[in-house]
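S.K.: According to Swiss-Prot:
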type: ACT_SITE; residues: His281; note: active site, proton acceptor
type: BINDING; residues: Gly105, Ala106, Ala107, Gly108, Met109, Ile110, Ser111, Asn199, Val223, Gly224, Asn225; note: NADP(+) binding site
type: BINDING; residues: Arg186, Arg192, Asn225, Arg256; note: substrate binding site
type: BINDING; residues: Gln206; note: NAD(+) binding site
type: DISULFID; residues: Cys76-Cys81; note: disulfide bond
type: DISULFID; residues: Cys417-Cys429; note: disulfide bond
type: SITE; residues: Cys76; note: site 'Activation of NADP-MDH'
type: SITE; residues: Cys81; note: site 'Activation of NADP-MDH'
type: TRANSIT; residues: 1-58; note: transit peptide
Amino acid sequence: MALTQLNSTCSKPQLHSSSQLSFLSRTRTRTLPRHYHSTFAPLHRTQHARISCSVAPNQVQVPAAQTQDPKGKPDCYGVFCLTYDLKAEEETKSWKKLINIAVSGAAGMISNHLLFKLASGEVFGPDQPIALKLLGSERSIQALEGVAMELEDSLFPLLREVVISIDPYEVFQDAEWALLIGAKPRGPGVERAALLDINGQIFAEQGKALNAVASRNAKVIVVGNPCNTNALICLKNAPNIPAKNFHALTRLDENRAKCQLALKAGVFYDKVSNMTIWGNHSTTQVPDFLNARIDGLPVKEVIKDNKWLEEEFTEKVQKRGGVLIQKWGRSSAASTSVSIVDAIRSLITPTPEGDWFSSGVYTNGNPYGIAEDIVFSMPCRSKGDGDYELVNDVIFDDYLRQKLAKTEAELLAEKKCVAHLTGEGIAVCDLPGDTMLPGEM
């Protein structure tokens, strides 16, 4: 609802300083600031003001400011402190109830594309107000302030609140969606096992924070690599949230596979359906051409080149990220953000009849014979309620079973590497090979 009418009876915010930009820091046990809160006003600064006014249906008034307890939790950034209270509005049909979306790695390139898609309404719809809770690090906090400033300047009507912090317990408070993008990239000389441990510790901490303060039905999408095992670590540290609610992002791999099949068949990519990425987000991933369809027909009836499908197609999908890095000089960011949007929309929009989508999900109870207690990409369908079910009507041949066994073995080995982070004892790391995607190097 746009602000269309001003009412002079609403009181003005109390002003405490003349500075244009200020920071409020809070600490727990560390000396460095853990939470930044800055306020912009057209002429003066409002340090501790919370804005609210009573809004009747079909009536909008200018907000009245109320002094906020300085000891209370700062819950807004900049101009978002000056927005009117949505509580009364939520009772009307103009807005849905505000949802809290937490994003880690919020100062990174992927988030730089994603946040503006979220704020614009592209993801959750044009009538869904959102609050963005952005998690950064001590090193990235200034960049995160810049991101918040850009969000301010974009004037998104659906973006009602922005919080920036380096404390996951603050960012994940009441989160209904958690998009976990931040992870340490693999540097020169870093062994794959070491990276599993380094990033695993990050996701163990974030899992504990989600467990403590997030919504009990929060949906969690893990993007930071190695995302399958990071998702497993996260869910093991968040027993209060259903394991089924955790996803490892394999949608970019699915999109890449659809693109390659469309190119080979000479059709537009919307003709490709029923595409599954099985297994790990690594070069052992299995793009499934056996069950995929092109214009409603089995792929093998359209592309009658089994050698190309088994060799060139599969390798192109597995190594697409590395080729992009060679051409572009950096890893995927824009296309990754698009795939995150696709992954979310697949959960909140009913899956088209007969189709499905790929997501890395917890394997317990799966109908395919995949080992339990790992996060494995499989075909899913959704009714659009944020939940999903696994697809039963898929077929397997010897080639597909052989490939599935390889990626399954890799994930089981990764699981043993992080046993100390999942509460399953001492880690024993014996990885079958270095199959990490080039973008993670």
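Including glycine, each Cβ sits where the backbone N, Cα and C put it.
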S.K.: Taking 10 A as the limit, how many CB atoms besides its own sit near the CB of Gln206 (NAD(+) binding site)?
M.R.: 29
S.K.: Enter the number of other CB atoms within 10 angstroms of the CB of Arg192 (substrate binding site).
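M.R.: So the Cβ neighbour count for Arg192 (substrate binding site) comes to 19.
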S.K.: Widest Cα span across the NADP(+) binders Gly105, Ala106, Ala107, Gly108, Met109, Ile110, Ser111, Asn199, Val223, Gly224, Asn225, in Å?
M.R.: 18
S.K.: Long-range same-chain neighbours of Gly105 (NADP(+) binding site), Cβ under 8 Å, sequence gap at least 6?
M.R.: Ser111, Leu135, Gly136, Leu180, Ile181, Gly182, Ala183, Val223, Gly224
S.K.: Using C-alpha positions only, work out which of the recorded positions Arg192, Gln206, His281 is nearest to Cys429 (disulfide bond).
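M.R.: Nearest in space to Cys429 (disulfide bond), counting only the recorded positions, is Arg192.
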S.K.: Based on Cβ atoms within 10 Å, give me the single least packed residue among the binding-site residues Ser111, Asn225.
M.R.: Asn225
S.K.: Measure from the CA atom of Arg256 (substrate binding site) to the CA atom of Ala107 (NADP(+) binding site) and give the result in Å, rounded to a whole number.
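M.R.: Cα-Cα, rounded: 26 Å.
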S.K.: What is the interatomic distance between the Cα atoms of His281 (active site, proton acceptor) and Cys417 (disulfide bond), given in whole Å?
M.R.: 17
S.K.: I need the CA-to-CA distance for Asn225 (NADP(+) binding site) versus Arg192 (substrate binding site), whole Å please.
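M.R.: Here the two Cα atoms are 11 Å apart.
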S.K.: If you compare CA-to-CA distances from Cys417 (disulfide bond) to each of the binding-site residues Met109, Gln206, Arg256, which comes out shortest?
M.R.: Gln206
